[in-house]
């Protein structure tokens, strides 16, 4: 055989080896699609994976969360100022009152409806210029659309506002209203404002878990677990957008869908007549019946059990589900919510359920272990059918 022939054989073997390696990699890849309404715990779930199966947020990484945490403090202060207005409270010094007015203009509360609308408009412009034909193209484009760039707040300004007596009174009376309440994370960050605004501040794991930040588009996160590559694909945005994307994800191993239990007495920002938990149920029905996911198992996470347990002491679950007759106990209420979701799925669809508190590090460590075992079982079962 001449030199040219030997070279061709060597190239062929090299290509075959690369193809085998690529095939082996794909065979050991698990894809998890993460869905759910805003503020249901999707991002917190991914952070828990990083904590228990990833880099555990090294110091250099924790510093990158500083600006987001300061933004969370700023939004919490502005939210509290709205409560002060309803209570008729004013800042004691004219200079602080002026500072508060300027601060509210610079750091308005996040309107997810407006952000989503802006994101949708930017996406439609990009789609006209360059339509996407693959999931890789979709992910690349949607991760590059940055429609949210708030101004970093001034720490001294936040110190001055928080120190005012009127604001402290407003914080003490934060439970005076049934609507537009401060979130748990807002209360947490305001309670820790002194530590967060310290010059030597470094974000703790709990700080990072409690960050609330709007996520739009598609984001991918990768973890190596038991020699498998886990690709966690977080798809955010409006349902109308998701309809256009879902066919790109028909080969995922499993779909996880997050539900905020505590939203049973809350209403949609986009439509104040729509109950938030009921809206999640409708979104679940739509996605679980998608023909693109006919053969895909689902894992339902009923999150924020801790807040749900507090709320049902004073609010009835019948606000969301008129067919609920009680008793108003934690176990009965959770079971009723679970039944509403499971009754809505196709009969042949396998749906696993978990009730959780995504910010509970110890609890989530055990839960994630169970979830990984479940996903691995699904993966093995699927592999045997191909």
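Using N, Cα and C of the backbone, Cβ positions are placed for all residues, glycine too.
Taken from TrEMBL, the feature Mg(2+) binding site covers 43, 215. Counted within 10 Å of its Cβ, the other Cβ atoms near residue 43 (Mg(2+) binding site) come to 23, all protein chains included.
Residues or ranges marked as GTP binding site by TrEMBL: 234, 235, 236, 237, 238, 303, 304, 305, 306, 358. Long-range Cβ contacts of residue 304 (GTP binding site) within its own chain (separation 6+, distance under 8 Å): 41, 260, 261, 262, 263, 357, 358.
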List of residues, in chain order, with Cβ under 8 A from that of residue 234 (GTP binding site) and at least 6 apart: 34, 42, 43, 46, 215, 218, 219, 220, 221
